[in-house]
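First the structure, in the form of C-alpha cells, and then the observations on it.
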C-alpha cells in the first residue's frame, strides 16, 4: 500500500487498500485481506481502493519491484542483506546504524515499513508474530 501512497500522496493517512492488501488505517476499521470491496466499504465507507496497473491481463508489479529495489539499495549501504521477499530483508544492525537507516529509508524512498532485527535467526522465528502488530514509526526491532 505504501507504494501506492507514494504515487498518490492523497492516500497517506487515510484508510485504503489494494485488492488484497490494506494499510493500518483500513485495518483499524476491521478491513481484512481477502474481503470483497463491498464488505470492506461497509466497514469503512471512506475506504479508498487503489488500482494496480495491468499488463497483458495480469497485475503489473514493476512499480513494486522498483520500490523494493530502492529500499534494498539503501539497506545494502549498511550491511550485507538477505532478501526474504519483495518487501522483506534480513540484516544485522545495531544502535546508531539502525536509527540512521530508518531516516535514510524514509527520506529517500518515502517508505517506512522496515523491520530491524538483532539476530537473523531469532527474527526469522518471530517474524510472523510481529508482522501482525502495529510497529513504532513503521519499524520493528527484535
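Counting starts with 1 at the first residue shown.
Even glycines carry a Cβ here, placed using N, Cα and C.
Under the heading compositional bias 'Basic and acidic residues', TrEMBL lists 133-142.
Over the domain 'UmuC' (1-95) the predicted model carries a mean pLDDT of 85. Annotated domain 'UmuC' per TrEMBL: 1-95, in sequence order.
Annotation source TrEMBL lists region 'Disordered' at 122-142.
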- Task: Summarise the domain 'UmuC' (1-95) by DSSP state, stating how many residues are helix, strand and coil.
- Result: 36 helix, 20 strand, 39 coil
